[in-house]
Amino acid sequence: MSSLLLFNDKSRALQADIVAVQSQVVYGSVGNSIAVPAIKQNGLNVFAVPTVLLSNTPHYDTFYGGAIPDEWFSGYLRALQERDALRQLRAVTTGYMGTASQIKILAEWLTALRKDHPDLLIMVDPVIGDIDSGIYVKPDLPEAYRQYLLPLAQGITPNIFELEILTGKNCRDLDSAIAAAKSLLSDTLKWVVITSASGNEENQEMQVVVVSADSVNVISHSRVKTDLKGTGDLFCAQLISGLLKGKELTNAVHSAGLRVLEVMRYTQQHESDELILPPLAEA
């Protein structure tokens, strides 16, 4: 391998604003397959670390792939430091994780990374399941989130079902959901964005609730009837981009929600089952 060595000047290394750790598909627009282009549209540099590599989501008649082996996963993370590509790192985001062991490996990497990046923003989307499907990850993942990732995160973006799993509390009404979110806050975890709080069914509205120690903001947006997948991944990509571009949290959440609605409508207009990002000229 040494005879192949061409690039050893670390001063020339590409630098990332964000490391995004989540699923990747060959076909489709979920996980990093939608998050990376969305983040890049915002003018930010992102490195994608896959947790699973799949042919497509399981919602098609064929489906191939699986979780990245731990040795590879830890190597992907380690290589970013070996390439000296994290000097300007500002945020790490997590989405769908393949195994509990990946969560532990990631937490160990983040803990070490924090020593050189004390202001690093860690945003965790604790992908566990939803009300309609129940838990759709391996059964040991919720406890791994609680034990390893939540203590490191500054912000998390659970849906109502995931908030219930993480807290053990019923969250089916707004007050209960807010109380559950507040129970997770700590010196490290500064905010919880509940991405699917109950809304006004008659007015076809959904609510996103932004909870911090000193404020609660409820944001209502239109409910779009759709089977599109990856909207949560897109929302998180837009949210972290907005935060890094200087938006206040509630404003960043509001803008991210509007962008997701725009992308969904654009996708429907183009009669696609996979999210399509509008070109910048149309964004």
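Every residue, even glycine, has its Cβ placed from backbone N, Cα and C.
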Identity of the ATP-site residue among Asp119, Asp125, Asp130 (reference: Thr157, Glu162, Thr195, His221, Ser222, Arg223, Val224, Thr231, source: Swiss-Prot): Asp125
Integer Cα-Cα distance in angstrom, Thr231 (ATP binding site) to His59 (substrate binding site): 15
Sparsest-packed of the listed binding-site residues (Asp125, Glu162, Asp233) - C-beta count within 10 angstroms: Glu162
From binding-site residues Ser23, His59, Tyr136, Asp233, the one whose Cα lies nearest Asp125 (ATP binding site): Asp233
Among His59, His221, Arg223, the one of these binding-site residues whose Cβ has the fewest neighbouring Cβ atoms within 10 Å: His59
Residues within 8 Å of the Ser23, His59, Asp233 Cβ centre (excluding the substrate site residues themselves): Val25, Gly28, Val30, Gly31, Ser33, Thr57, Tyr96, Lys229, Gly230
Other CB atoms within 10 A, centred on Thr231 (ATP binding site): 21
